[in-house]
Amino acid sequence: MTDNQEIKPKKLTLGNSKLSLNKSFDSLTGAQSFVNAKSKTLVEVRKSSIGSTTTISLNKERNNLDQTVIDANKEEFNRRLSILKKAAEQSKLNDPSQISTLSKLASINQSTNLKIETLETDKEVAQKRQNITENKVEVSAKIVQGDEDILSQIYKKKAETFVKSPLVGMRTRYSIESEKESDKTAESKVVVQKIKLEEPKKFKKVDLFNMLSDDESGSGRTRTRSLASIKRAREKEKRKLVLQAPEKVYREVTIPEVIGVGDLANAMSERVADVIKELMNLGILANASQVIDADTAELVATNLGHKVKRVQESDVENVLISDDKVEDLRTRAPVVTVMGHVDHGKTSLLDALKSTDIAAGEIGGITQHIGAYRVTLADGRAITFIDTPGHEAFSEMRSRGTKVTDIAIIVVAADDGIKTQTVEAINHAKVAGVPIIIAINKIDKPNIDIERVKNELYIHEIIGEEAGGDVMVIPISALKKINLDKLEEAILLIAEMQDLKASPFGSAAGVVIESKIEKGRGTLTTILVQRGTLKNGDIIIAGTSYGKVKKMTNDKGLEIAEATPSVPVEIQGLNEVPFAGVKFNVVQNEKQAKDIAEYRMRLAKEKKISIAPRSSLEDLFLKASGNSKIKELPLIIKGDVHGSVEAILGSLLKLPSDEIKLRILHSGVGPITESDISLAHASSAIIVGFNVRAGVNALTAAEKAKIDIRYYSIIYNLIDDVKAIMSGMLDPIVREQYIGSVEIRRVFNVTKVGKIAGSYVTKGIIKKGADVRLLRDNIVIHEGKLKTLKRFKDEVKEVREGYECGIAFENYEDIRENDVVEVFELIQEQRQL
């Protein structure tokens, strides 16, 4: 309280029960303080549980109270305390410090009364019961000489004091009565009445002061709160919380190009129902899962009082952009792609460089997918090689190989020269802008002509250094290991000229070389690190695939903890198989990776939707042109690696046919599953497995549903078989074969038969049931079938040139003399794509 604060007289509860005014407890001294205001004076009564003493102190008067009044109040209070002590002495109380507590209501009134009651201990109650013999006893208390002044002062204040003797255990009332006279002081007397003790009938509630009190009397007994009381108190607190509405927080909401209604509500910390209500006010019916555009979301957020920050959805990929510091750059190993025509010795060259037998493991002697290898030379320098397939079906994979390489080695067989895939590899390297090294292989074979190969290279603008060009042409033999050292020197020389550098610090980034699914290991992805250092436990995003790197192995199959730039590794831990050729990046957490993947999936979906109407227009055009009977060949393609599946799809979609539509229901990496069987059964599709097989359950389901499953290990065998299936679905070619001519010389009417033409076979042969064409004046007037063929009166199957015969047509009798009949047969021929 401040000195200027107005204080009103208030009642005070002293003791273990309820406290009506300021209450405090000092844990250090074990003392309880009760404060009350009398008149304009602050009175503090302190009971110490340690020393069992009672002290009274008076604070200064509020509002500049006169010091005289303060002294008078202090004197009055001391006199009242003296009466209490003397009453205790008369009750044979030898130790006043045992007064434990003051209970009930003690009202200090500024004009009249002072009432104080004390509680009794259990010992006092027992003593009281022994001494009570009458209901009321009047006791006269002798007042010593020094008490007259006290009684005179009490008379002036008209105070009546009630005191209870704690030792006897009886409630004693000291009634100080006097008759007021204006000019004299009357003699006062104190009447002490003994009143029958009333034991406390109600336990007191447990509170902090009761538990800390040293009162052992019966009146100090307490009771615990009932469950109902606790429940009522809790409900009351809940009602208070409900009534106190929380203050609304307005936020800055980041809104992308599209956002879900539920996501918008979460971003604003609003109820979904409130957001839907705002949308309804805008005339939009939506649910929590529906997606709305940024403009609508901005209106809703603004109406609800939030600030809006618009961002492009593509901004989620900004975290992938980082620049390397110049001082962090370090020299890295060159990445070399080996390309060329099939069977020209690319894998054998790598076999020689690695001193390992890779070619022996290739089915059909050709590379089926990209392989990445790291070769360490004798001087400690390293070269990373990427082996690409040479078959024509793997054009996309060769193109992808040139995009991640620093140097392209194009292998040309000395005995075979430039072929189709050789030219394609040259074009890929030129488009990628990478240096080219021509390796003329198989120079150990007899009857080779290296100059012829060089001349063929000139045609494609590949000019060697000896002819003044900038392309290094090195004759080698992978089988005999001839000039391999010169090839390595050429690679390192070009790499040194390019000054290849990358930063090994920071988050890793690179490109996906290949991906597959392996039973027991999950998704396996071969990647090439181009920047930073990839470590176990990193979160990466590759296209729409993401996950944590659980394990890394190098090209030798050894597990490693990290991979630096130009190091190819195989990782496992992605949630799905990524597309080969996509970039990968390390991000901070899985949520960031998921957001980027979802954004990319939405882009792919929008692109697919935009392409769909074109196909529909093409179908409508075909129907309008009358060619609506287009046959479909549904296929399900499963492969071991993504690059192989990509090559198969690319080759199949290139098969030309206007009558057969190849429909790829599903393509993926991994073994053939029961879901593939179910899809094939529902659509009557053929399942094609490339280097994969169906499981036991899938085989059982396929046999039951009679699904055609075909396995392949060489890609061109697969393509040839699909082409044959499509050819068998084509309508055959109907060819007309001329077999003879007949001249009608006379027409006869025969009963029950109709008109019969007497004819002469002028050329070839005429057969019964053959197709005929009737000409009159060299104009075709009828086409049909020959119904009757007779020689005299006998039915015959055929009549040759130079003989007469009788003929009749099916459902046609308009024949005349000198008409000419051409006889022919329709022959069907199987078409090929």
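Every residue gets a Cβ built from N, Cα and C, even glycine.
Swiss-Prot lists region 'G4' for one of the ranges 441-444, 765-768, 793-796, namely 441-444. Swiss-Prot lists region 'G2' for one of the ranges 330-334, 365-369, 515-519, 655-659, namely 365-369. Per Swiss-Prot, the listed range annotated as region 'G3' is 387-390 (candidates: 179-182, 387-390, 419-422).
Checking the ranges 60-67, 116-123, 308-315, 340-347 against Swiss-Prot, the region 'G1' annotation falls on 340-347. Break the region 'G1' (340-347) down by DSSP state and the numbers are 2 helix, 1 strand, 5 coil.
Summarised as a single figure, the pLDDT of the domain 'tr-type G' (331-501) averages 79. Cβ contacts within 10 Å of LYS346 (GTP binding site), excluding its own Cβ and spanning all protein chains shown: 29.
When Cβ atoms from all protein chains are considered, those within 10 Å of ILE443 (GTP binding site) total 19, not counting its own. Secondary structure at ILE443 (GTP binding site), as computed by DSSP, is coil.
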